[in-house]
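Notes follow once the structure below has been shown.
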Amino acid sequence: AWNRRSRSCGGVLRDPPGKIFNSDGPQKDCVWTIKVKPHFHVVIAIPPLNLSCGKEYVELLDGPPGSEIIGKICGGISLVFRSSSNIATIKYLRTSGQRASPFHIYYYADPEGPLPFPYFERQTIIATEKNIP
């Protein structure tokens, strides 16, 4: 079970606010699905990452696994994203032999309604490196 802070490789997270840490274990692909109460949106805050672009990156999806990929992020920027529903997914992917770089990502629940400050919207494409597959 995930309890506000986790170094586990993936899972379903239902208790915002929280903080996700990447796993330094053998897993190459980690998927966290964040579900908040109906009539709320998921807000994801990603500080600047320092991942080895091309070998590891984070994907941000607007909805459950299999939803539209909003962007692939490996470094250079910080961002805040607000989902279009009460579900968002974060994936961490790395190639075999690539040691996991440390990172953390925050998530929150935000009620429906006007945005209190600028968020990256669904149509925003986030890419910090051109060599990400």
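Heads up, the Cβ atoms here are built off N, Cα and C, so glycines get one too.
Annotated disulfide bond per Swiss-Prot: CYS9-CYS30 (among others), in sequence order, evidence recorded as experimental evidence. DSSP gives CYS9 (disulfide bond) a coil state; it is part of no helix or strand.
Annotation source Swiss-Prot lists disulfide bond at CYS53-CYS74 (among others), citing experimental evidence.
Here Swiss-Prot flags 9-110 as domain 'CUB'.
What Swiss-Prot records for ALA1 is N-acetylalanine, and it gives similarity to another entry as the kind of evidence.
Annotation source Swiss-Prot lists region 'Heparin-binding' at 73-110.
Over all protein chains present, the Cβ of CYS53 (disulfide bond) has 19 other Cβ atoms lying within 10 Å.
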